[in-house]
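As annotated by Swiss-Prot, domain 'ATP-grasp' applies to 112-294. Annotation source Swiss-Prot lists ATP binding site at Lys148, Asp185, Phe186, Asp194, Arg218, Ala219, Asn220. The Mn(2+) 1 binding site annotation in Swiss-Prot covers Asp255, Glu267 and rests on sequence analysis. If you look up Swiss-Prot, you'll see Asp255, Glu267 marked as Mg(2+) 1 binding site. Sequence annotations record features per position, and here Swiss-Prot assigns Mn(2+) 2 binding site to Glu267, Asn269 based on sequence analysis. Residues or ranges marked as Mg(2+) 2 binding site in Swiss-Prot: Glu267, Asn269.
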Amino acid sequence: MKLLMLCREPRLYSCQRLKEAAKRQGHEMDILDPNRCLLKLSQNPPHFQIFYQENSGSKPYLLPDYDAVLPRFGTTSTQMGCSVLQHFEGKGTFCLNLSQAFLNARDKWKSLQLLLKTGVPVPNSFLSGGEVQAQATIPHISSPTILKMLNGSQGIGVILAEKPQSAVSIMEAFKQTNISMLQQDFIEEAGNADIRCFVIGDQVVATMQRIGQDGEFRANCHRGGKTEKIILSDDEKQIAIRATKAIGLDVAGVDLIRSKNGLLVLEVNASPGLEMIEKTSGVDIAAEIIDYIEINAFINLR
């Protein structure tokens, strides 16, 4: 098969692992930056064409047909990346995570709405409109509370406010820069630990527990946390699978937290990193992803 990965940083561990796994299984893989794509819509066939400019001085060339597309772009490329994905969808190409599902996952508030709508447990959460005074949110939030930027990643834009007035001050400051923030109950009993599940299709293929540094409430590895192996029950795995389906994804990193009221879903990531979870779990996730593409791209072609 001829595969395409949409990614701005081809040297990243995850991109290299996926390319190696594809090559090992006899496939070609191109890695291209979605921000260098030119999309063309035509009334007459071919209706969907995609051109690519290698650099600022080169002439854009027409991309060939691909058997499958893997989106691995970051939050700064979401809009263009999803436009490119949608173009491939228009061409009938199999995409590992559709554009709408990708957009769902990148919107933290919409994700929570979709999860709760389908019965997936999430922390109590709160979002106020731009004309609502921050002070008016105090009766509706717990203390301490977590504040999150709607499009943050890797723990960036996540703040712990110990007191209600601190939360108000933070919200007022961000409001000045037109940045909306959602508020969530702080799950104190979980300490500084959470769980990452890697879901492919109908299976949880790998898990790990993430533990934040001393004095750090965020468990993200990018914030200096450590990881450990963890075994989940079948019921806990089902929550991660249901969360993935609620967002509409084929492949996802689902972040879970254990609370006194049971397991809760914190977030569903459409482009989860492979490095820490492969090294912690010992699972060759890259090969599992290529296996999944082989099966589903073939079904898509029939």
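Just so you know, glycine gets a Cβ as well, placed from its N, Cα and C.
Everything Swiss-Prot records as a feature, shown here on the structure.
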| residue | record | contacts (Cβ under 8 Å, 6+ apart) |
| --- | --- | --- |
| Lys148 | ATP binding site | Lys108, Gly157, Val158, Ile159, Met181, Leu182, Gln183, Gln184 |
| Asp185 | ATP binding site | Pro123, Asn124, Ser125, Ser142, Thr145, Ile146 |
| Asp255 | Mn(2+) 1 binding site | Asp194, Ile195, Arg196, Cys197, Val265, Leu266, Glu267, Val268, Asn269 |
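Computed over the domain 'ATP-grasp' (112-294), the whole-number mean pLDDT of the model equals 88. The 10 Å shell around the Cβ of Phe186 (ATP binding site) contains 18 further Cβ atoms across the protein chains shown. Under the DSSP three-state reduction, Phe186 (ATP binding site) is assigned to coil, being neither helix nor strand.
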